[in-house]
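Report on the following structure.
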Amino acid sequence: MLTEHGKASIAQVVFWAPAVIPALILLFHRHGAPRMPWVILVLFALIRITCGIVVIVLQNRPQDVGLIIAAHVLLNAGVFPLVAAAFGLLLIVIIRDFPDDKRIRNAFIFLRVVFITGISLVIAGGCLESNYWDPHDVSLGYKLTKAGYILVTIFEASLIYFQWYCWRKRETISVASCTALQGMFAAVPFLIIRIAYLYLPVFRASDPKWDQLTGSIAPYVVMGLLMEYIVFMIFLATGFLIPPIKVVNA
């Protein structure tokens, strides 16, 4: 019999499956390079469909360590493509309107390293946390996950700063860049709530209601599934509102 999380996962698959189509249209039909945000939107939709299926299967095989690890990794690291999509939209702005600003380019290279390191730590931590039978692995997993979340927080804060920096120059940048920035700003509150929910199971590990697999269904749906769906739809709408980008030279 399906738990509340299993039922939510069925709804997750139902809602995310159609979302792949408009994301593919953005990727292959509407826009040219850089395609990073549209690739990530497609990837994120597929990750969420896969995550829903894994959680559903886990309902019938609750002792399967492989499924537990997969579910934790997909639920934890799977949300980071949304942050990366925001980075991709900001990258369009930088390439279009700040192509000669070496300080921004160097900062973006550094931010990529920070983000990739953060994701790697979260994935490694999620794998170790799932080994419930070894307290040492669980403890180490929590530490790695916390470190990864701190790096991702630094990354997201830096993105918000650069959004603000670019928005200050909105009088001189292109319409496409202004639209992209507006979309990113609209998504920020929902993305922050989603990231906050991601942090709660680690930073408040003693409270089981925040566990994304077995905790309370209300925060899982409202702070988790709903927030990331809203962010995805905002980015999707932004992609269609931006004038078609066929070629942008990096």
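Every residue gets a Cβ built from N, Cα and C, even glycine.
According to TrEMBL, the features are:
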type	residues	note
DOMAIN	2-241	domain 'DUF7702'
TRANSMEM	6-27	transmembrane segment
TRANSMEM	39-59	transmembrane segment
TRANSMEM	65-95	transmembrane segment
TRANSMEM	107-128	transmembrane segment
TRANSMEM	148-167	transmembrane segment
TRANSMEM	179-200	transmembrane segment
TRANSMEM	220-242	transmembrane segment
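Using the rule of three or more Cβ pairs under 8 Å, pairs at least 6 apart in sequence, the transmembrane segment (220-242) is in contact with the transmembrane segment (6-27). The transmembrane segment (179-200) and the transmembrane segment (65-95) are in contact, since at least 3 Cβ pairs between them lie under 8 Å (pairs 6 or more apart in sequence). Same-chain residues lying 6 or more positions outside the transmembrane segment (65-95) and placing a CB less than 8 Å from one of its CB atoms are 34, 36-41, 43-44, 47-48, 50-51, 54-55, 57-58, 101, 104-105, 108, 111, 115, 118-119, 122-123, 125-127, 129-131, 145, 152, 155-156, 159, 162-163, 166, 173, 176-177, 180-181, 183-184, 187, 191, 194-195, 198, 212-213, 228, 231-232, 235, 238, 242, 245, 248-250.
Panel annotation: around the transmembrane segment (6-27), residues 35, 38-39, 41-42, 45-46, 48-49, 51-53, 55-56, 59, 217, 220-221, 225, 229, 232-233, 236, 239-240 of the same chain, lying at least six beyond its termini, place a Cβ under 8 Å from a Cβ of the stretch. For the transmembrane segment (148-167), the list of distant contacts is 80, 83, 86-87, 90, 93-94, 97-98, 104, 107, 111, 114-115, 117-125, 173, 177, 181, 184-185, 188, 191-192, 195, 198-199, 202: same-chain residues at least six beyond its ends, Cβ to Cβ under 8 Å. Per-residue pLDDT, averaged over the domain 'DUF7702' (2-241), rounds to 87.
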